[in-house]
Each structure stands twice: as C-alpha cells, then as structure tokens.
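Enquirer: In case it helps, TrEMBL gives these features for our protein:
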type	residues	note
DOMAIN	5-316	domain 'Acyltransferase 3'
TRANSMEM	12-33	transmembrane segment
TRANSMEM	39-59	transmembrane segment
TRANSMEM	80-96	transmembrane segment
TRANSMEM	182-202	transmembrane segment
TRANSMEM	214-234	transmembrane segment
TRANSMEM	240-260	transmembrane segment
TRANSMEM	272-293	transmembrane segment
TRANSMEM	305-327	transmembrane segment
Amino acid sequence: MKKYHGIQILRFAAASLVVAEHLIGNVVNHWANAGHYEVPPLGLIGVIVFFGISGFIMVTTQYDAFGSVAKSADFFFRRMLRILPVYAIATTMQFINKFNAGEHYTIVNYFKSLLFVPYIGDKGFYRPILGQGWTLNLEMFFYLVFALSLILPRMGGMALSIAVFVAFAATHSYAAEMNVVLAFYMQQILLFFACGMLIATLCKHVHWRSASVASPLVICLALMAGGIWVNLYLPEGTHLAYNLVMVSACVWAAASYQPVHTGKTVAILERLGDASFSTYLFHGFMLGAIKFLSYRTEEGQWLKFALLLACAVILANLVGLLMYRFVEHPIARVLKGWTQKPHTAQSKPPQQTAKSRA
C-alpha cells in the first residue's frame, strides 16, 4: 500500500491544534476578564480532522478485507493492541497524578476508562480519567462498527457503517432520554468517520496527485481558518455542514499529496504525524508542567502569549515524539512480533539424481 505523506502531516496538524486550544484555555481561564474571551475551537477542528483521517485510513488499509469473519476479528484485535497499551499508560499516569492532587477517582472509573466505557464524571461531563480519552471512546465505537461491517461484502459493509453513524447522529436530540452509555454515542461528530470512509472510497476511483505540498497546504489552512471563524461567529446550524465539507476537503487534499522525492522538512513532519497519537495522549502532562508559565501570562501580554503558545506546541510534539520513539513504537513492535503468524519455510523440491535425470 502506498504511503500517504499528506495524511501523516495532517495528523501532526490536528494534534497541534488540540494542544494549542488546551494551552490557550490554561492561559485565558485565569484572567480576571476571562468571560470576555472565547477560546477558538482549535481542539474541535483537530478532533474532527482526526476522525476523518481514521475513517480514511481504515477503509484504505482494509479495502480488500471485506467479506471475512476472520479478517473482521483480526482487525478489531489489532486495533485494540494498537490503542490500549499506550492509552493504559497515559490513563494510569493521570490516575496517579489526580490521586496525588486529592481529586476523587474511583477504581471503578479507572477500569471504565481503560475499557472505553463512557460514564458521567463528577462535573457532569462524559470524561474518562484522561480527559481527552472521550474521543477514544468514540474511536473504539467506530472500530467496532467497522469490524462488524468487514463481515459483509464491501458495498454492504460500507453502507452498514455509514448507516449506523448517520442513525446515531440523527437521534442526538433524544440522547437525554436514553441510557447513559447509549446517549454518549448519539453524537453528530460520528459523521466525520463516515466522511473519511467516503473520501477513501473516492480516492480508489478518482486520482488527483499533487507533487507539490503547496496546493494541499493552502487548501487545508484556508479551510481550517474558515472553520475557526464559522464555529465562532456563524449560527450553530451552519457548523455541521461547513465542518463536514472542511474535513472531507482536507482529507482529500492531504491524500493527494504524493511527492516524487520527500525532503527533510516533509520527513520531519511525517515523523511528527507518526507520533501524533502519543502527542495527543501525553501533551496534558507537559502543559501541566509549564502551567506556572501560563499563570504568569497576563491579559494584554500578547507577544508573550504567542511565544508561549508556539513553545508549547513545539514541546508537546517533542514529548510525543519521545513517547512514540521509546514507548509506543517499541510496544507495537513487541506486540506485532507476538501476533505475527509464523511463516513455514518453503520446502525445496528434491534434487534429481543422475538416474532420475536419465
């Protein structure tokens, strides 16, 4: 399977947007006039782009796996191995961190978090112990639905997955009347998985290749900037429509980037994209470590604010890269070795003797 360089770079951008919003929130929320400011929805844009990328990657990598129960089970098992170990490490670190800070987290909530079971926390939000883990609860739901769809032929499986996400999104207004766990999944944000799936299918049949990073970069930056403005200032009814178009176009543009030769800059950005999952999981610990700097950035110190924001995004990605290099990737390599099917040595045909040649 060809490597989608632009998709990896887009993953890096999405993780950086989440980091940026969390840093901005840390700074602004301690200001006396915090209520006068609205934190831009960078994290929302990062998350929905991540979901679009997930839908794209799953269809792209499993395009020929439909119609098989065995491949369905193998897919879900490998996804669990990919996500759970690193998430468990981050969740355990946060559990210890919160316990030492005197916050109340029960062992039941700890295991619910590890098992991706949604629950409403003390503050009335669906938040596992590692706050950003709520998106992984949705991600695992996507993997489950997609795994079941792999049992069917491709067209039927794709239709099943998309129909499930559309149905859950369409019933979001009834969530308050439902079971707590079921209500969590009744979110319109599930539609972004479907977007990625459709773009992956489109890319299989319609080929647009850009050897230059300029066109995809301009498209993605313009659409994301527009997304910030739309989600901040336009009526709420317009948000979903724009966001669906934005995510679809960003994933399509990123997938189109196929350079003849990758330079050092592209290689670095791709590597940061590889580490985006670790960046997403562990950036909160880094932001906590520099929170004293956030509290010393006063209202009106915009240059200091901008420098802190840039440094935080860079540091978060470096932490993510280190965690990927020394934790996530080694774990994945070990687990892959355990689950790899042994290859039987190919038997050689017996050598002909002089008598048989005769």
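Heads up, residue numbers simply count up from 1 along the chain you see.
Placement of Cβ uses the backbone N, Cα and C atoms for every residue, glycine included.
Any TrEMBL annotation is an automated prediction that lacks curation.
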Enquirer: So, taking each listed stretch (39-59, 80-96, 214-234, 240-260, 305-327) in turn and counting its Cβ pairs to the transmembrane segment (182-202) that are under 8 angstroms, which one gives the highest count?
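Expert: Answer is 39-59, with the largest number of Cβ pairs below 8 Å.
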Enquirer: Apart from its near flanks, which chain residues at least 6 from the ends of the transmembrane segment (305-327) lie with a Cβ under 8 angstroms of it?
Expert: 12, 15-16, 19-20, 23-24, 27, 86, 89, 271-272, 274-283, 285-287, 290, 293-294, 297
Enquirer: Under 8 angstroms for C-beta pairs, at least 3 of them, ignoring pairs fewer than 6 apart in sequence. Is the transmembrane segment (214-234) in contact with the transmembrane segment (240-260) by that rule?
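Expert: Since 3 or more Cβ pairs under 8 Å link them, the transmembrane segment (214-234) and the transmembrane segment (240-260) do come into contact.
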Enquirer: Apart from its near flanks, which chain residues at least 6 from the ends of the transmembrane segment (12-33) lie with a Cβ under 8 angstroms of it?
Expert: 39-47, 49-50, 53, 132, 220, 224, 269-270, 272-273, 276-277, 279-280, 283-284, 287, 291, 294-295, 297-299, 305, 308-309, 312-313, 316-317, 320
Enquirer: What residues elsewhere in the chain lie close to the transmembrane segment (80-96), defined as a C-beta under 8 angstroms and at least 6 residues from its ends?
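Expert: Tertiary neighbours of the transmembrane segment (80-96) are 105, 110, 113-114, 128-130, 133, 136, 139-140, 143, 277-278, 281-282, 284-285, 323, 327-328, 331-332, 335, 339.
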